[in-house]
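Colleague: Dropping a structure here in structure tokens format, bear with me for questions.
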């Protein structure tokens, strides 16, 4: 199927240059003009999409070349672009950074070329003048197949600084930028930005950057570039959503909200009705056939989670009845015996996994992984392969008197070394890995089948 939709990719020269802020400002400006905006985030990040979803009032989807592959990226793009006027895709890291230092695999540039999208690159221009032209020329000639159509100058000292940079750039037009306003930056914690749904992420900050963008971004030129994006061919899969066959409870609140939208979509297509609940505030669930605990910040909300005894007891009872339970990262911590914070305080949790979650000051794991199941799980048969990502500051202290069965063979993206992970007991499967189910469509169907057999 061929489609033509206005679109831009907002890339950067690296992390921290202000890609998210530019994307949010543009989204708000375009919505104010009456346009329906769809947003995407390149890479495995969970937090930036919460900001794009809030700004666009539509669910933001991840696009990751290594996790998903080209066909799934194109299909996800197509399915999320119905009834929208324009698409904004925020990149990750630097424009050409990805799977390898020697290729574009997994990079923003790869996604931009798959989608035949013009790219607008964001630069940190503090203390910079004519050098901006050299940087942009280098980016442009580095990959002639990439349509580098414009740039944004961020962290400028004044409007006159932005004008100086525009005058200096001869290779790529600078379409405005945002001045330094450190008091209006979005708050961060150990895993990155706070989720946009949390109370300390104010509407004032969103409005501020939208208003700043209106003053300094060349919106008409940006729209012209977006409209120049050519028609692309989408190899649309024949996806038939199965009639609802089971109900799966999805933990969704401030403590648990790291989910790839693709995973939830595939569960629905496999015939699951998704029932959202809050481990922070709900006391029980009604008639569910399975449970899915995503990642998040259980360590931040550990006191509240631990005090909700009625739900803890209810989930324990469901587990004893062999209800399939799948948990990732923060979800794994919730299933453990408890969470020990960096300060030493301990908060009991579900106790379904015989291990204690220990929070550390230093990062414990970060990066892409490939998983092969070495035993049958609630996902299905032995030998299932899929890809995922991990980013954590906690580790598990296993209870040696009650050993856990390890059911994953784990290979890091840049290594041939295989380690064991994936904690399984009865109908429970828990892991630190955030699996992207587009890497193996059988995962959602396998989980639904396990829920039907409960």
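Placement of Cβ uses the backbone N, Cα and C atoms for every residue, glycine included.
Sharing the record's features from Swiss-Prot:
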- 247-442: domain 'GATase cobBQ-type' (DOMAIN)
- 329: active site, nucleophile (ACT_SITE)
- 434: site 'Increases nucleophilicity of active site Cys' (SITE)
Colleague: For the residue listed as 'active site, nucleophile' and residue 434 (site 'Increases nucleophilicity of active site Cys'), determine the Cα separation and express it in whole Å.
Modeller: 7
Colleague: Under a three-state reading of DSSP, tell me whether residue 434 (site 'Increases nucleophilicity of active site Cys') is helix, strand or coil.
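Modeller: DSSP assigns residue 434 (site 'Increases nucleophilicity of active site Cys') to strand.
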Colleague: Relative to the Cβ position of the residue listed as 'active site, nucleophile', how many further Cβ atoms are located within 10 Å?
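Modeller: Its Cβ has 28 other Cβ atoms within 10 Å.
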Colleague: Tell me, how many other CB atoms lie within 10 A of the CB of residue 434 (site 'Increases nucleophilicity of active site Cys'), whichever protein chain they belong to?
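Modeller: The answer is 24.
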Colleague: Give the three-state DSSP assignment (helix, strand or coil) for residue 329 (active site, nucleophile).
Modeller: coil
